[in-house]
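Engineer: Submitted below is the structure of interest, expressed as structure tokens.
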Amino acid sequence: MATAEVLNIGKKLYEGKTKEVYELLDSPGKVLLQSKDQITAGNAARKNHLEGKAAISNKITSCIFQLLQEAGIKTAFTRKCGETAFIAPQCEMIPIEWVCGRIATGSFLKRNPGVKEGYKFYPPKVELFFKDDANNDPQWSAEQLIAAKFCFAGLVIGQTEVDIMSHATQAIFEILEKSWLPQNCTLVDMKIEFGVDVTTKEIVLADVIDNDSWRLWPSGDRSQQKDKQSYRDLKEVTPEGLQMVKKNFEWVAERVELLLKSESQCRVVVLMGSTSDLGHCEKIKKACGNFGIPCELRVTSAHKGPDETLRIKAEYEGDGIPTVFVAVAGRSNGLGPVMCGNTAYPVISCPPLTPDWGAQDVWSSLRLPSGLGCSTILSPEGSAQFAAQIFGLNNHLVWSKLRASILNTWISLKQADKKIRECNL
């Protein structure tokens with residue numbers, strides 16, 4: 001094991017077909033997930049040694065978990081540790097495979113006769129399967145999972161927990177689907193697992209997401225598939241066939257790092273009419289940072305220095321970086337409308353209204369001449385979010401943070417409702 005000389009590794013906690021899990025004696029609540037150079041299909045009815053697969057799988061999982069973690073998805077991932085292992089929070093695994101897909105293919109067609117391959121699901125289709133090798137992982141309903149009354153790390157898996165995993169599965173699929181699109185790859189479907197963190201008692205995405213976990217079709221073309229299906233489809237396993245499978249896996253591993261970047265640049269420029277509005281603008285900048293969007297603050301008055309306002313506008317128009325302008329001006333807001341009337345870039349007015357004159361001042365942002373499409377958002381955080389939604393159309397990293405934020409808000413409401421109901425009992 002590559003990491004044995006640097007980590008104080010304890011007993012083996014679990015061994016599966018393609019990985020082993022070890023306790024870390026110096027890091028309570030953490031484990032080491034060690035991948036194997038083994039590939040399997042059909043619940044290990046077919047299995048082969050594939051040199052280098054452990055490193056490939058570990059790289060893919062580490063990149064995908066990093067992508068999801070940075071977006072805001074709770075994952076059982078701490079850091080990559082060597083070429084073939086990573087460190088993660090220890091979890092008690094929930095024995096369910098959650099499958100989510102956009103395109104009908106594979107076993108779905110067998111289970112749903114009459115549905116043609118290529119049928120698309122809107123929203124993505126979520127299914128669950130009980131992990132039971134002896135019975136070929138039978139499909140379960142949500143009701144069966146609830147009725148099982150599983151308890152992991154002290155958390156009983158009830159309706160709330162099932163709903164959380166179902167919604168998280170869809171969000172995770174959509175984030176990965178969106179992330180693969182810039183690479184001209186279609187994420188057809190995927191399977192994931194959740195666990196309960198033994199320390200926080202939270203449900204988190206766990207196990208691995210590697211090239212065994214999904215169907216990935218370059219250019220949306222099944223004949224170009226780069227996932228484990230290419231191994232399943234081998235009529236006979238030969239050295240040449242395994243080499244072809246390995247090349248497919250290497251192809252994915254080379255590109256997965258690109259998912260952590262975006263070629264689409266973005267920027268928010270906040271124009272304030274006075275430094276007295278700095279506190280309001282700092283809130284916008286902080287919120288932009290949460291979405292990974294660079295934000296610059298400038299001071300200019302469209303009333304007192306319109307020439308300088310337009311010069312600043314031209315400065316940002318000239319460097320080719322996609323930009324959203326946010327105008328922050330109290331009292332009579334000339335800044336937003338003047339900017340909007342002189343640029344093709346999006347402009348958001350975010351006036352810092354005061355209790356005394358706010359009801360009157362806001363009309364200078366709302367009632368505008370024809371030909372102006374300047375939006376008005378009163379919340380500093382809301383204006384940053386709207387800018388993020390604009391950039392998210394072409395930037396998968398920004399979009400992923402938005403999607404994860406929607407999921408996390410939904411989960412917090414679901415958990416709050418559960419807590420209130422328990423208090424009423």
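Note that Cβ sites are derived from N, Cα and C of the backbone, with glycine treated the same way.
As annotated in Swiss-Prot:
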REGION    2-260  region 'SAICAR synthetase domain'
MOD_RES   A2  N-acetylalanine
MOD_RES   Y22  phosphotyrosine
MOD_RES   S27  phosphoserine
MOD_RES   K36  N6-acetyllysine
MOD_RES   S107  phosphoserine
MOD_RES   T238  phosphothreonine
MOD_RES   K247  N6-acetyllysine
REGION    261-266  region 'Linker'
REGION    267-425  region 'AIR carboxylase domain'
MOD_RES   S274  phosphoserine
BINDING   S332  CO2 binding site
Engineer: Could you state the whole-number distance in Å separating the C-alpha atoms of S27 (phosphoserine) and the residue listed as 'CO2 binding site'?
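Structural biologist: On Cα coordinates alone, these residues lie 59 Å apart.
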Engineer: Tell me which of the recorded positions Y22, S274, S332 ends up closest to T238 (phosphothreonine) in space, Cα to Cα.
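Structural biologist: Going through Y22, S274, S332 one by one, the closest to T238 (phosphothreonine) is Y22.
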Engineer: Three states by DSSP: which one describes K36 (N6-acetyllysine)?
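Structural biologist: Looking at the DSSP assignment, K36 (N6-acetyllysine) belongs to neither helix nor strand, so coil.
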Engineer: At the Cα level, what's the spacing in Å between the residue listed as 'phosphotyrosine' and K36 (N6-acetyllysine), rounded?
Structural biologist: 13
Engineer: According to DSSP, which kind of secondary structure is Y22 (phosphotyrosine) found in, if we only use helix, strand and coil?
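Structural biologist: Y22 (phosphotyrosine) sits in a strand per DSSP.
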Engineer: Roughly how many Å lie between the Cα atoms of K36 (N6-acetyllysine) and S107 (phosphoserine), rounded to a whole value?
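Structural biologist: K36 (N6-acetyllysine) and S107 (phosphoserine) have their Cα atoms 26 Å apart.
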Engineer: Near K247 (N6-acetyllysine), which of the recorded positions S107, S274, S332 can be found within 10 Å, Cα to Cα?
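Structural biologist: Qualifying among S107, S274, S332: none.
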Engineer: Among the recorded positions listed here, T238, S332, whose Cβ has the fewest other Cβ atoms inside 10 Å?
Structural biologist: T238
Engineer: If you skip the near sequence neighbours and keep only those at least six away, which residues in the chain come within under 8 angstroms of S274 (phosphoserine), Cβ to Cβ?
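Structural biologist: Counting only residues 6 or more apart in sequence, the Cβ neighbours of S274 (phosphoserine) under 8 Å are V299, S301, A329, G330.
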